[in-house]
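First comes the structure, then the notes that go with it.
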Amino acid sequence: MTEQTATLSAPEAAPGANSRKVFIKTYGCQMNVYDSTRMSDALARDGYVQTEEIADADLVLLNTCHIREKAAEKVYSELGRLRDMKKERHSDGREFMIGVAGCVAQAEGEEILRRAPAVDVVIGPQTYHRLPDALKRARRGDRVVETDYAIEDKFEHLPKMEKAKIRSRGVTSFLTVQEGCDKFCTFCVVPYTRGSEVSRPLAQIVDEALRLVDAGVREITLLGQNVNAWRAAGPDGREWSLGDLLYRLADIPGLERLRYTTSHPRDMDDRLIEAHADLRKLMPYLHLPIQSGSDRILKAMNRRHTADDYLRLIERIRAARPDIALSGDFITGFPGETDEDFECTMNVVREVKYAGAFSFKYSSRPGTPGADMKGHIDEDVKAERLERLQALLVSQQAEFNASCVGKTVSLLLEKPGRFDGQLIGRSPWLQSVIVDAKGVEIGDIISVRITGTGPNSLYADMVPGV
Ligand code: SAH
Ligand code: SF4
Ligand code: F3S
């Protein structure tokens, strides 16, 4: 998954007269987005209604990301603003609680209470089912830190998703199937913030998928830090892998599209590649990070594959599903990266031709092996390499989008457009497409002909009679 800008979750259900209100701000990756919805549901059981107005909130919950220094520091500046808000509220005699959840909570625990005295509750990604209880204790005057890895399965303790809530969130949904990471790439905090790899059991996943589809969801994106490392007991007594899970979910009537993210190249097994060849519902789009194109750097990163392994893997995937589009993650300026190493990354990008990508300057993270390595690279060198890499990736994305013009593609309509009569949908390749739509509605999957490209979206006409 990829860390994105902060997102505010949509408010749900009309607030009742006496209910408390929670404002949730989500940083980081898709899993945090998913977790925020589950925390919102857990709080709803305690009478909390989600609000989009921080001014109305009795509780502010920051669901945080620790992946790069900037992401983590944002949280502390936000906490500074919240401290002032809390003072004001208290002088008016109103309750105002502050909670920190997510990966910064897990990584820094008690330290947050020291650095930000206004914080009431710190709760990690594996313990957030205990949030209502933690708030109760905080209301009695304790400052609560809940970051032990819970022995119980949080999913068993969270309320099941309700139909009305699912509906309010739209026709696409995330579904976490796997959490944590045992890969220990030397730059990355995730194995420390999310713990070791755990797969949710098959029945729990199928049950959640059925609930989502019953409430109108047409597309599900399976989530995991290493989603393709998902393994669980199948009904046939065999150990199932992600490919098997996709075949099972593809059998659900009404579920029209499946995606998954993020995969590690080492866990792309034959069954998963076969699923790409066979399953019409599995969208032809794969996010497969490589991070660097240099074998020397890949080794130092502990990725445990070479650039060539990755390229050969992509060949096999493309042979199975020729129209598949690829995206990736890249890091520039990992310790010891030379100009030649960086050129290797550029060469891999030139060879693969990505439809989209995320790229970052290396950020040294305390506690990771990378932080102690020799040869840290100057910020301006990292930035210069990033700029060159991004220019190439942006041009590849533009090329990919331009190659779609004139094609007829399917579109899942997700939301209204800016102008009357317009709807916005997603193509199989995750492109946002604007269409003048008549006689169709959100949730429909329609055929459109791509007519042009804009800065952030494509434009299309409906194909009559399809
Ligand atoms: N396997 C996980 C990785 C999550 S982090 C997944 O893809 O879901 C997402 C991306 O952030 C990584 O692929 C990597 O490109 C980037 N990243 C992670 N740690 C970083 C660091 N210390 N500095 C810069 N970028 C980093
Ligand atoms: Fe981080 Fe590597 Fe695990 Fe991805 S695979 S979460 S980059 S340690
Ligand atoms: Fe960030 Fe944690 Fe996701 S560190 S990218 S929120 S797993």
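Every residue, even glycine, has its Cβ placed from backbone N, Cα and C.
Automated prediction, rather than curation, is the source of TrEMBL annotations.
As annotated by TrEMBL, domain 'MTTase N-terminal' applies to 20-140.
Positions annotated as [4Fe-4S] cluster 1 binding site by TrEMBL: CYS29, CYS65, CYS103. The number of other Cβ atoms within 10 Å of the Cβ belonging to CYS65 ([4Fe-4S] cluster 1 binding site), over all protein chains shown, comes to 25. In the three-state DSSP assignment, the secondary structure recorded for CYS65 ([4Fe-4S] cluster 1 binding site) is coil.
Residues annotated as domain 'Radical SAM core' in TrEMBL: 167-399.
Residues within less than 8 Å, Cβ to Cβ, of CYS181 ([4Fe-4S] cluster 2 binding site) and separated from it by at least 6 positions along the same chain comprise CYS188, VAL190, PRO191, ARG194, SER196, GLU197, GLN225, ASN226. Marked as [4Fe-4S] cluster 2 binding site by TrEMBL: CYS181, CYS185, CYS188.
Marked as domain 'TRAM' by TrEMBL: 402-464.
Less than 6 Å separates the Cβ from ligand 1 in the case of CYS188, drawn from the binding-site residues CYS65, CYS103, CYS188 in sequence order.
The separation of CYS185 ([4Fe-4S] cluster 2 binding site) from CYS103 ([4Fe-4S] cluster 1 binding site), Cα to Cα, is 17 Å. For ligand 3, the binding-site residues lying close by, meaning a CB under 6 A from one of its atoms, are CYS29; the full candidate list was CYS29, CYS181, CYS185.
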